Amino acid sequence: MGVYSRAVAFSVFVSFLLFFTAYSKRNDGTFRVGLKKLKLDPNNRLATRFGSKQEEALRSSLRSYNNNLGGDSGDADIVPLKNYLDAQYYGEIAIGTPPQKFTVIFDTGSSNLWVPSGKCFFSLSCYFHAKYKSSRSSTYKKSGKRAAIHYGSGSISGFFSYDAVTVGDLVVKDQEFIETTSEPGLTFLVAKFDGLLGLGFQEIAVGNATPVWYNMLKQGLIKRPVFSFWLNRDPKSEEGGEIVFGGVDPKHFRGEHTFVPVTQRGYWQFDMGEVLIAGESTGYCGSGCSAIADSGTSLLAGPTAVVAMINKAIGASGVVSQQCKTVVDQYGQTILDLLLAETQPKKICSQIGLCAYDGTHGVSMGIESVVDKENTRSSSGLRDAGCPACEMAVVWIQSQLRQNMTQERIVNYINEICERMPSPNGESAVDCSQLSKMPTVSFTIGGKVFDLAPEEYVLKIGEGPVAQCISGFTALDIPPPRGPLWILGDVFMGKYHTVFDFGNEQVGFAEAV
């Protein structure tokens, strides 16, 4: 799937827009920005869809280039966030002396800081966003090193510079960042942000630049190597959320955090267990999946096989996959018989001739880099068109066998799923009146089950007879050994307060309040 299609897959349409209204300082030295919301009606959906889609195009593009906490927050610095349509959370930073203000995405899925340059003359998008002017800053230092961040339909480019970066009340000295001088296309023109501040590990930083977060620690600006996210999903609240640098804010979560170790530096990636629908195992992650906690992704992205099962369970719209139906019609009974004969599931599709490998191949994770993406294409060239459909059918049949379904019921079930495959455009509508009948979807992390109720994974636009509802799940397929992979975006982080513990290299989740 290309970046444009992937962008649509992450589009979210909800009902409000936030603007900064006031600034305030707390006695403990933290910094907050007051927020308010401007409600949007469903008639604005097309316009907001376009903007959100382009923002997610950028997120996917940038990502494709890159390879016992408690107490009060008195020693922490708090940055409030602006919630744009529940699709993205923004905050304000400043660069230079005197400070030049920018609205940025605080993104745990990347590691660079970039903003438009005052030297960006030939990209229309630069004229619609705040631009950094080095000549106006007494703390500016020249680097001269060129920078380019590639994405599916082009790239943004510019050069590195150094200056003071203000985040809340913290001033990070001599921070390396990218001044962009070329921002082609509509992606950046319609974006609601000026730039991006990455909170991932340095391993995925373009140009090996030191991330802002690293310099906060090196310069002794915070006492604890921890930051945490609270994303407010309450449509009636004026607060969009907040990041706490240096700790956590106890008033935004209840109970204890469940921590899991980071398994691969770069992204905040960890091992995840089974995914459950109404308490029943989907079987897909029985032997483990990887997951990334990503504040820059709006929805929950996961393997098509599981998202299709969720679609069916919640009655989501989808598309009919003729390839899927053909495989089920011709090989469904054979796959069922082989599973009943206890054939190793990973070998079934190669055994019946639909896949040219036996499930033990290795393919680079497309999320890491453009080069890896090309390698993935060439590696997967061996696969026949029916191979992915066969692999999904194996998963679906296994899940039904575990529930002791009859053979006739199993064949009907997988045929029904073939008619509810996730749309290439990513949008899956659901019936708002059926929310109370939809199942809980759960994720197993660190041995604990984290539930999402229908009202938490379904995004509602408008009220009354004009209300529209969209599923918060979208498809993303990453093959082994990097996958299967889930990206736990804002839909998940909105329900669960998230701690990014840099010192112990772990991620923690607790119920948000």
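The backbone N, Cα and C atoms fix where each Cβ goes, and this holds for glycine too.
Classification of Asp107 (active site) by DSSP places it within a strand. Annotation comment: Swiss-Prot describes Asp107 (among others) as active site.
Classification of Asp294 (active site) by DSSP places it in coil, neither helical nor stranded. The active site annotation in Swiss-Prot covers Asp294 (among others) and is backed by sequence analysis.
Swiss-Prot lists Cys120-Cys126 (among others) with the feature disulfide bond. Cβ neighbour count for Cys120 (disulfide bond) (all protein chains, 10 Å cutoff from its Cβ): 22.
Taken from Swiss-Prot, the feature disulfide bond covers Cys285-Cys289 (among others). According to its DSSP assignment, Cys285 (disulfide bond) is coil.
Swiss-Prot lists Cys324-Cys418 (among others) with the feature disulfide bond. Every protein chain shown contributes to the tally, and the Cβ of Cys418 (disulfide bond) ends up with 27 other Cβ atoms within 10 Å.
Annotation source Swiss-Prot lists disulfide bond at Cys349-Cys390 (among others), citing sequence analysis. Taking Cβ-Cβ distances under 8 Å and a sequence gap of 6 or more within the same chain, the neighbours of Cys390 (disulfide bond) are Val327, Tyr331, Ile335, Ile348, Cys349, Ile352, Leu354, Cys355.
Using a 10 Å radius centred on the Cβ of Cys355 (disulfide bond) and all shown protein chains, the other Cβ atoms total 22. The disulfide bond annotation in Swiss-Prot covers Cys355-Cys387 (among others) and rests on sequence analysis.
Of all Cβ atoms in the protein chains displayed, 17 besides its own lie within 10 Å of the Cβ of Cys432 (disulfide bond). Residues or ranges marked as disulfide bond by Swiss-Prot: Cys432-Cys469 (among others).
When averaged over the domain 'Peptidase A1' (89-510), pLDDT in the model lands at 86. If you look up Swiss-Prot, you'll see 89-510 marked as domain 'Peptidase A1', on the strength of sequence analysis.
Feature annotation from Swiss-Prot assigns domain 'Saposin B-type' to 319-424; the stated evidence is sequence analysis.
Annotation comment: Swiss-Prot describes Asn404 as N-linked glycosylation site. Within the same chain, no residue at least 6 positions away in sequence has its Cβ under 8 Å from that of Asn404 (N-linked glycosylation site). Secondary structure from DSSP puts Asn404 (N-linked glycosylation site) in coil.
Residues or ranges marked as signal peptide in Swiss-Prot (evidence: sequence analysis): 1-24.
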Using the alpha carbons only, what distance in Å do you get between Cys120 (disulfide bond) and Asp294 (active site) once rounded? 29
Out of Cys289, Cys324, give me whichever of these disulfide-bonded residues has the highest number of other Cβ atoms within 10 Å. Cys324
Neighbouring CB atoms within 10 angstroms of the CB of Asp294 (active site), all protein chains considered, total 27
Cys469 (disulfide bond), number of other Cβ atoms within 10 Å: 24
Can you count the other CB atoms that lie within 10 A of the CB of Cys387 (disulfide bond)? 20
